[in-house]
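**Student:** These came from TrEMBL, pasted as-is:
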type	residues	note
TRANSMEM	B:38-57	transmembrane segment
TRANSMEM	B:64-83	transmembrane segment
TRANSMEM	B:89-107	transmembrane segment
TRANSMEM	B:114-130	transmembrane segment
TRANSMEM	B:173-193	transmembrane segment
TRANSMEM	B:223-241	transmembrane segment
TRANSMEM	B:253-278	transmembrane segment
TRANSMEM	B:298-319	transmembrane segment
Amino acid sequence: MFSEFLQYLFTGITIGATYALIALGFTLIYNASHVINFAQGEFLMIGGMATVSLMAMGVPMLLAIILAVVLAGVLGILLQRFAIAPAKQADVVTLIIITIGASIFIRGLAQLVWGKEYHVMPNFSSDEPIRIFGAVLNSQSLWVLGIGAILVVGLVLFFTRTLIGKAILATSMNKEAARLVGIRTQLVLMLAFMVSALLGSVAGVVVAPITFTSYDIGIMLGLKGFVAAAIGGLGSGVGAVVGGLLLGVVEAMAAGYISSDYKDAVAFSMILVVLFFMPRGLFGAKVVERV
Amino acid sequence: MVNRFMQSRLRDLVFLAIILFALPAFLSNPFHYDLATQMAIIAATVVGLNLLVGFAGQISLGHAGFFGLGAYFSGIMTGSYGWSSIPALLVGAVLVGIIAWIVGRPILRLKGHYLSMATLAVGFIIAIIINNETWLTGGPDGMPVPSLDIFGWELSPFGSYSLFGMELDGNQAWYLFAALVLLVAVWFAQNLIDSPIGRALRSVHGSEVAARVVGVNTASYKSLVFVISAIYASLMGGLYAHFQGFITPAVAAFDFSIVLITMVVLGGMGSTMGVILGAVVLKLLPQVLADFQELETVMFGLILMLTMIFMPKGLLPTIQMAVSKRMKKKAGGQA
Amino acid sequence: MSALIEVKGLDKAFGGVHAVEGVSFAVEAGQVYSVIGPNGAGKTTLFNLISGIYTPTKGEIRLNGESTAKLEPNQLAERGMCRTFQQMQICMNMTAIENVMLGRHLKLKSNLFSTLFRLPALLRDEQSCRQRAAELMEFVGCGEYLDTEASAMSYGALKRLEIARALAAEPKVILLDEPAAGLNGTETAALEELIRKIADQGTTVMLVEHDMKLVMGISDRLLVLNYGRVLAEGIPEEIRNNPDVIAAYLGG
């Protein structure tokens, strides 16, 4: 009984950590530009797929990962520069469609370059699973959690300790004021997209050995990240992490105890329940209507 | 004094009718008719969705859920339970309307991205249920649907008919029927928009607070338009099921929800003729791009992105603005 | 006979900051009642409380003797209250006259069936609604804009349009939030004339305004707010000679 529960918990936390990273990416871009980036999932895909294909060309794993992440970062910048920035006056829905167009475009490119097959990526370290109280933990899960934790701590430090991080925060609070004190807000937006892409691609790389990877994994993972971000409350970093872990665990429990066919339905029901009671998610800011 | 709306309304409806009934002159094979019929049905769905998105300003990323519910309700009741088509369509529409009202009431309190999230979730849940309840829906493999019967008169793509002495094959008859349905759908939508109810709906988009202080109960108007657009989707889903003769969970899938909302935004939110154009373009684009084979997806994404970046108001409003600007310039030049 | 609007011990705090604190006053039917005070004195917050957009932290508002605590803005509109906004709230996705016709929302019976089939009864109602709206636009002085898109109108015209929309509801009391803001001298004079005409028709007017000359000229009574509290209340003469008011306004 307990080992079963523990098994689901491990699975849940591992996938939840991935969701948390995607959700953080959403949050970052949302804060900086109030755009919900439906192409967020594609950064994950790029991370995993580029690493796999570079390794297949004989590039050592670590270098392959670094190159893949850099590629995603560049893509993030390009996305902001050429798709989001020119349309800054557009409606919310229009921006959503633009990012959806971008995601279809990126997916199409990936399909051209890498084909439609599933790709397998080896674990970072041993393939030997770890046994705890009768439950099995894939060693890669530890990598996911460890790197996830490092990224979260790194983000916190980035936003509280570095000038660039503070500039992003200031821009997200008040763009005009930020511009007045000399922050180059265009640059800041580009940075936000870049950091968000880096986060996404790292998540994509670490989770790839567990889930496999293919040109179209970005769609569902991206949506789950959006769900996690909304559960936590759009714009809240803490919310993104909590929302991601919660979503992962609930999903794993639902798959284990209810039915794996309905695990996604449980995830989507959860967001409805949360929004029903808390229209701005768990940690979302309360906004006073100004007229 | 001629009402501006009255004028453009009649003009639009007549214009649409002419195009719809002149189109067969350019359709040469069953495949063309098939595509045109699909377009008309999807366009009518999008006209309904536009009431919600374009006029009332509420985002829905899950509308295919309602389309799928309508399609499967018609399919199941006529196929497995021997109902005739019209009662199945109507009962399905009422049920979907009730479901939309029940879920719409709480989620329409949400604003912006939270509303998109919630509608997305509702659509997903419907799609997952359709996918998994194989005993009822046939699951991922889909299910066959009997052809449409209108009180005993059967309309099937494989039949043959005669109308005013003209010999029509089943595809042509279906096209004419779908064109008629689209015209009625547009007529209802226009009547709704140009009415006190329509003003209240549009005011929710224009300024919700202004609407409330003049006495508009914005919550119930949002629910109303959500229900109406869901009923449009349900009815069209049912017709689509009968026309295709076979449905799969794809009719309720998230991808299709995205296609529907993209048609609205691409064509021009809040422009009934615009969203019909959006439906046509988005349905034609893959056919045109099929020649590019591997490049199809890339091209599709690129075109979508570029159009929205450079025409954020949508195709038709942008074209109209350009035309009227040119006309003004001309008039100014002559004066 | 109780007052039309009665406010008692009204309090509104935003996260510990009191925007309005312990405010009490009464507006009699038929009056022109103005609220003045320096920027940030809580005037607009007070209007948002009275019109049901904000819920009070403490205190009570009565409209015609009925507590408004549980009423939404649209329910207040049903009871005869309508308003304009400092930051204009115009539906830019409609034409000018449609905005005013929207104001008659509560006067129109609308059912879905007659709407969908566009039955003659609906058309007749719409025709008379349009006529009334056109008259009101004439009345406020933007009659030349009837079928202009709202987004194409000038600021001053939109300000008048917003008043026409509020009047279209035939309110017992109309709340005008800084109607003269951003208007030039001629436009302000026309506005003064308009407010007088509205009051002469028997509509109670509540006014938030900066323009002292305008306010002193047309108000029956005034309420002066400072830092969310009542500094003075009375007829224009009293306010003009009140030392506290003079001190607050001259920064003394």
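Each Cβ is built from the backbone N, Cα and C atoms, and glycine gets one as well.
All annotation found in TrEMBL is predicted automatically rather than curated by experts.
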**Student:** Counting Cβ pairs closer than 8 Å, which of B:89-107, B:223-241, B:253-278, B:298-319 has the most of them with the transmembrane segment (B:64-83)?
**Tutor:** B:223-241
**Student:** Please indicate, using numbers and ranges, the residues of the same chain that are 6 or more beyond the transmembrane segment (B:89-107) and have a C-beta under 8 Å from a C-beta there.
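**Tutor:** Here the qualifying positions are 66, 69-70, 73-74, 77, 115, 118-119, 122, 219, 222-223, 226-227, 229-231, 233-235, 237-239.
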**Student:** Determine which residues of the chain contact the transmembrane segment (B:114-130) at the Cβ level, with the cut-off under 8 Å and only residues 6 or more beyond its ends counted.
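**Tutor:** Result: 58-66, 68-69, 72, 103, 107-108, 137, 249, 252-254, 257.
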**Student:** Taking B:38-57, B:223-241, B:253-278 as candidates, which has the most Cβ pairs under 8 Å with the transmembrane segment (B:173-193)?
**Tutor:** B:38-57
**Student:** In terms of Cβ proximity under 8 Å, which residues at least six beyond the ends of the transmembrane segment (B:223-241) contact it?
**Tutor:** 38, 41-42, 44-45, 47-49, 51-52, 55-56, 58, 60, 63-64, 66-75, 85, 88-89, 92-93, 95-97, 99-101, 104-105, 108, 145, 148, 178, 181, 185, 192, 197, 201, 247, 251
